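Got a structure here, written out as structure tokens. Questions coming.
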């Protein structure tokens, strides 16, 4: 997941859902085995599109549990197929890649790959999905097909986009696709899922302001791009406050500035870069148009020219209403999940599961990760996945499969 602010339950007007917890408990041996897998994967992290050992381990385990296995999808992706009966098909997705961060933890399963670590919990997501595959392969209390999608390169390379572009839902057609992410800031035992936007879009911008260099003692002989840039940086913030509706959500963050080398010279160019994050495609398009106008128009009074280049990132992660309801209801029946939050503020972080949700109905859920003493946040060198999430995580996927695909007839009185 691309970094952003953690969800805080106390500030989001959350209405907890009723939790019945009447599903069978996941056997302890499956939970403990999944924890072992998680720590083994944590110790050997691999960054996006280089998850060769991780993919090999996933494939081997899926075959061990009699799943049909497809490899080399979007490079290092894996899909396991479990069929039982002629019912419909759904997909469950876990991301498998690590981050280029040096780990600073003193645990036995600490990263053995220099400068690389699982700082976002994808090791845990993978272990949870493997545990669900093992359990469901043994019990088969459903009627249909489950596709277990192990996706590479969520963090930077957009493995979700690559899978969709390769036609994953043509090759493995499903009625719905689901994913989860561990969520520091939300207590263990609580989950959050709602219809509509869950995560923001994220695009990088690179602005170049070109003026005329001159001696700092004679600024009238040049055209100062730094002065123009200073005005532009503050002006960009008025896009959110005066050009967008107050009901829209967007944030423009200028994060890098570069200009000049000599202290007594007005430079010829200034580079301004940062990120744009939005919670709707309309706001995203509007902000990009306005930023281009601001760059061109605000540079002119200073005798400077401006240009903007975009590096388009992930779109908005938008949950489909029906699938969000199905996922929330499944969570209410899982032992260990005590609250299901269905009214929440989205995160301004970004997630490439958005591409899956553009191509197929589905939903994305946050799995609470904070224990009595909250640990490090995501993308932090001190972060380590909380293994207390393994049992409810496996339980969530099992509950979803058994309730979505039967054969048990289920009537839900709950709604989002």
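Any Cβ shown, glycine's included, is placed from N, Cα and C.
Unlike curated records, TrEMBL annotations are generated automatically.
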Would you identify which residue of 68, 155, 220, 402 TrEMBL lists as part of the Mn(2+) site it also attributes to 120, 122, 181, 379?
155
Ten-angstrom check, please: count other Cβ atoms within 10 Å of the Cβ of residue 181 (Mn(2+) binding site), all chains counted.
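26, counting other Cβ atoms within 10 Å of residue 181 (Mn(2+) binding site).
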Using a Cβ-Cβ cut-off under 8 angstroms and a sequence gap of six or more, which residues of the chain neighbour residue 122 (Mn(2+) binding site)?
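94, 95, 96, 97, 98, 154 - these are the non-local Cβ neighbours of residue 122 (Mn(2+) binding site), listed in sequence order.
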DSSP three-state call for residue 181 (Mn(2+) binding site): helix, strand or coil?
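It is in a strand.
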Looking only at the domain 'Peptidase M20 dimerisation' (206-299), how are its residues distributed among DSSP helix, strand and coil?
40 helix, 31 strand, 23 coil
Specify all same-chain residues, apart from the site residues 120, 122, 155, 181, 379, whose Cβ lies within 8 angstroms of the center of the Cβ atoms of the Mn(2+) site, ordered by sequence.
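Once 120, 122, 155, 181, 379 are set aside, the remaining close residues are 1, 95, 97, 99, 118, 119, 121, 154, 378.
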